[in-house]
Amino acid sequence: MHEITLLQGLSLAALVFVLGIDFWLEALFLFRPIIVCTLTGAILGDIQTGLITGGLTELAFAGLTPAGGVQPPNPIMAGLMTTVIAWSTGVDAKTAIGLGLPFSLLMQYVILFFYSAFSLFMTKADKCAKEADTAAFSRLNWTTMLIVASAYAVIAFLCTYLAQGAMQALVKAMPAWLTHGFEVAGGILPAVGFGLLLRVMFKAQYIPYLIAGFLFVCYIQVSNLLPVAVLGAGFAVYEFFNAKSRQQAQPQPVASKNEEEDYSNGI
């Protein structure tokens, strides 16, 4: 087991502060678990653990997308706490995903609370828009955004630094069957996330590629999944150019003029 130092705790809080702004704006998508876990691992001095937890957590959250006011479990806290738990307690990445999910749900409800609370600012925002006061409108947006980012930082610091002793004690006290249950649940979550993604993106014409990838992984001995990813990228590029060439080969529809146009109105 490892101890998180005060400097590491503050660094993680600062990281999550920036990622919270990115999540609120959905600007650079740095809040995705694969990036959050990698950066967290770099701060903790174990990039390999960050990459492993990032890959698993990203798959688990691949199909979870906000829709309107509905918020899925928070990807930032999921990535952060999965890596922190795996590094500080020594459990494997699959178990860490299951243990990190409650922190993700906690942040999900905090974000939903902010969605409701910030409705109080709408009267002020409408007034600024009506008066074309762009400076005040900008300050209002920055105020709400910084409140959310600060909440991210405070919760991250409390969960990673102040609560690490209790977290390690909890992991030690868990019986083997419960730890194995979290490991099984964590192993299933990436499959569930990928299944949710396929519900949106899957098309019947791509079934051969799915079968080819499955056979490649199961029956061809490779040390890692990088060859499969490269093969998938090749298929994607092929489909892109193939679809583009088919689109260019289609004849362009020509508008027929069955009756003489009237230009009496000048148009």
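Placement of Cβ uses the backbone N, Cα and C atoms for every residue, glycine included.
Source: prediction; values computed, not measured.
Taken from Swiss-Prot, the feature topological domain 'Periplasmic' covers 1-10, 55-66, 116-141, 199-209, and the record attributes it to sequence analysis. The annotation domain 'PTS EIIC type-4' is assigned in Swiss-Prot to 1-237. Marked as transmembrane segment by Swiss-Prot: 11-31, 34-54, 67-87, 95-115, 142-162, 178-198, 210-230. Look at Swiss-Prot and you will find 88-94, 163-177, 231-267 tagged as topological domain 'Cytoplasmic', backed by sequence analysis.
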| Outside the transmembrane segment (210-230), six or more residues from its ends: residues with CB under 8 Å to it | none
| Are the transmembrane segment (95-115) and the transmembrane segment (11-31) close, by which I mean at least 3 Cβ pairs under 8 Å that are 6+ residues apart in sequence? | no
| field | Stretch with greatest number of CB pairs under 8 Å, the transmembrane segment (11-31) reference, 67-87, 142-162, 178-198 candidates | value | 142-162
